[in-house]
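Participant: Have a look at this one.
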């Protein structure tokens, strides 16, 4: 299923020097976002920086949202993870997409202009409405919390 999403190019290098975000394979869930920097940027250990992607999206459909997620190799190989763990893009947001990068590693890491640094995934949204109750119906789990089911 394909859903049209409005895309605004904020950096003229997108679509010329660097491709528009796209799915790499028919089974891809995310589209890569690129570091649209003016110069290469070295992120020191422990440092967090905000990186422009050069695009904005308007999802428009309230039954959808977008999330910015890490690329697996960045965190595993280089210690570069998202500073906010997941970026949530509400359907009515129209501003620039930025990626918060945190170097949790022990070595400086240099992002180069146009590097793929995160991925954009569109997800369904259910807006819940709370129903106030005094007690919950009994469930098998009940109030069992962290670690209650063990590890084996």
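Here the Cβ of each residue, glycine as well, is placed from N, Cα and C on the backbone.
Feature annotation from Swiss-Prot assigns substrate binding site to 71, 72, 73, 84, 88, 89, 90, 98.
Situate these features within the shown structure.
Facilitator: Around residue 90 (substrate binding site), the same-chain residues six or more apart in sequence whose CB sits under 8 Å from its CB are 59, 65, listed in sequence order.
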Participant: According to DSSP, does residue 89 (substrate binding site) sit in a helix, a strand, or coil?
Facilitator: strand
Participant: Can you tell which of 72, 84 has the most other C-beta atoms within 10 Å, given these are the binding-site residues?
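Facilitator: Counting Cβ neighbours within 10 Å, the top one is 84.
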Participant: Comparing the binding-site residues 88, 89, 98, which residue's C-beta has the most other C-beta atoms within 10 angstroms in this structure?
Facilitator: 89
